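Student: Pasting a structure here, questions to come.
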């Protein structure tokens with residue numbers, strides 16, 4: 001009986017051992033099938049990516065390049081990473097006993113790379129879907145796209161682009177599920193079990209980080225948009241909510257400035273922002289300098305000395321003209337085009353790329369003020385509303401994004417800036433080399449081609465110095481003989497009024513109206529152009545210096561100060577004749593700066609105009625300084641000698657006699673007039 005019981009127990013134990021081994025075999029089989037599923041699906045997935053990147057993208061070339069960049073994003077980077085991952089995954093098949101552990105280690109090894117490439121693709125996925133929606137609104141374009149996709153990937157069906165674009169998102173979210181399936185069919189005491197646990201946790205973290213990055217990018221895209229709004233549109237956006245938010249932020253900022261509440265310190269971000277501002281300043285300064293350089297270059301190209309006739313039939317001057325023409329039409333023009341394409345346009349694009357981060361940094365300050373206020377509320381009350389919690393998350397998302405991406409952005413901008421500067425230097429070097437090559441043949445025919453460079457430099461400096469001295473001397477002489485700023489002559493009949501003002505207030509207080517004045521106020525005067533007035537006070541009763549109190553000799557009132565200029569008293573004809581008689585030197589007929597004596601009217605008919613004169617009516621005629629004038633009558637119809645009837649360029653009219661002088665005066669500055 002006892003023997004029979006022992007046999008029964010032995011049978012049961014064997015049966016249990018057999019069932020355990022069978023269960024382990026089933027788990028091992030499911031484990032291997034799960035691993036094989038991972039490898040097989042990875043092969044299919046990579047094949048689909050390659051179809052998208054090669055066949056489909058190449059056939060959609062009618063779409064703008066910007067659209068293709070958004071649709072396919074960084075799919076090439078994903079293909080590179082997953083190709084290496086698949087290669088290593090397939091190599092684990094040769095080591096059956098260690099394959100599961102090798103698979104877990106492989107995921108841990110590729111964790112960071114997978115996160116980096118997939119977070120970029122996932123962040124642009126929503127924007128790609130928006131493009132797909134716009135294509136659906138154009139039936140012809142949609143049919144073309146659908147035909148291409150069905151020809152390459154028939155299983156896409158009517159979903160078309162949407163089916164292809166979502167594949168990378170589905171794959172990265174499926175990795176933790178595949179690993180979990182392998183883990184569930186691995187015995188806990190196996191050496192691969194803890195490795196698989198870490199791999200599952202790592203891939204779950206990858207998906208969490210991708211979602212967080214996608215959320216931060218969505219927040220950033222909201223605030224990086226640069227909208228060109230009119231004042232009306234900006235005012236339309238103002239409401240009680242926005243006013244309340246801005247008032248609260250301003251109050252928070254004032255409290256911090258006054259030291260009533262502490263300010264949140266973030267040295268890491270402050271250092272990054274300082275670096276960014278420095279980089280932005282460099283880009284702005286370089287852009288301004290290149291813009292000025294291009295303006296000067298354009299001015300230089302507009303100056304064409306080779307087109308002027310030098311009346312020199314042959315010799316070095318002709319060689320210079322040929323060389324200048326060749327350089328201006330080819331070398332300098334090509335240089336300008338290359339400069340605009342290789343330096344200016346990339347620089348403008350770089351400056352435009354800075355606007356997004358600049359807006360984010362400004363918006364971060366606003367969100368930081370909100371965050372600090374909500375942190376105070378949390379400490380005091382212990383809870384916040386749903387909207388306030390969303391505001392806290394917005395600041396955290398902005399701050400995390402800036403801290404993560406500003407270092408890379410700053411580095412890229414510095415590299416881009418350096419490349420632009422190197423390109424600019426290379427263009428300058430190429431221009432100098434090209435000019436020297438073109439000028440080599442012409443230089444041999446120039447007079448000083450045999451002179452060594454130091455001696456030639458000294459020769460040029462001496463020539464420039466002599467020319468500079470001559471120009472300076474000419475300028476000084478010209479300033480001495482140049483007539484002073486002229487005033488409009490008095491109208492006939494107003495001399496008595498001007499003389500009364502002169503005797504009462506003196507010459508320093510007399511002003512002349514430069515344009516007609518229409519008074520609008522009670523104390524404002526209405527005066528014609530050329531009216532002489534005396535200044536009483538250079539401001540009104542409210543201290544406004546743009547309105548002066550003046551006396552016309554009959555009325556007092558206010559006039560705009562900008563329509564008055566100091567009046568230079570013109571001596572009478574008798575005084576001028578008396579002054580001319582005191583000095584027999586004909587050159588003294590040229591007026592001095594102040595006062596301005598004018599030469600007497602000659603007895604001959606042919607004279608020249610000493611001063612410019614602007615006609616104010618059809619009875620007068622305009623003059624230019626130095627213009628030949630023919631006197632018809634040396635007085636007006638009333639016999640007044642201060643006005644003369646003259647003929648200028650076929651036109652007849654009256655001009656002030658004091659504005660005329662003899663034409664037989666010696667020529668100034670040693671220049672000879674043409675015959």
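Keep in mind that glycine also has a Cβ here, set from the backbone N, Cα and C atoms.
Those TrEMBL annotations? Automatic predictions, nothing curated.
The following feature annotations were taken from TrEMBL:
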REGION    1-21  region 'Disordered'
COMPBIAS  1-10  compositional bias 'Basic and acidic residues'
DOMAIN    30-213  domain 'DH'
DOMAIN    254-455  domain 'BAR'
DOMAIN    506-569  domain 'SH3'
DOMAIN    602-665  domain 'SH3'
Student: If you run through the domain 'SH3' (506-569) with DSSP, how many residues end up as helix, strand and coil?
Tutor: 6 helix, 26 strand, 32 coil
Student: According to DSSP, how is the domain 'SH3' (602-665) divided among helix, strand and coil residues?
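Tutor: The breakdown for the domain 'SH3' (602-665) reads 3 helix, 28 strand, 33 coil.
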Student: For the domain 'SH3' (602-665), report the average pLDDT of the model, please.
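Tutor: Mean pLDDT for the domain 'SH3' (602-665): 82.
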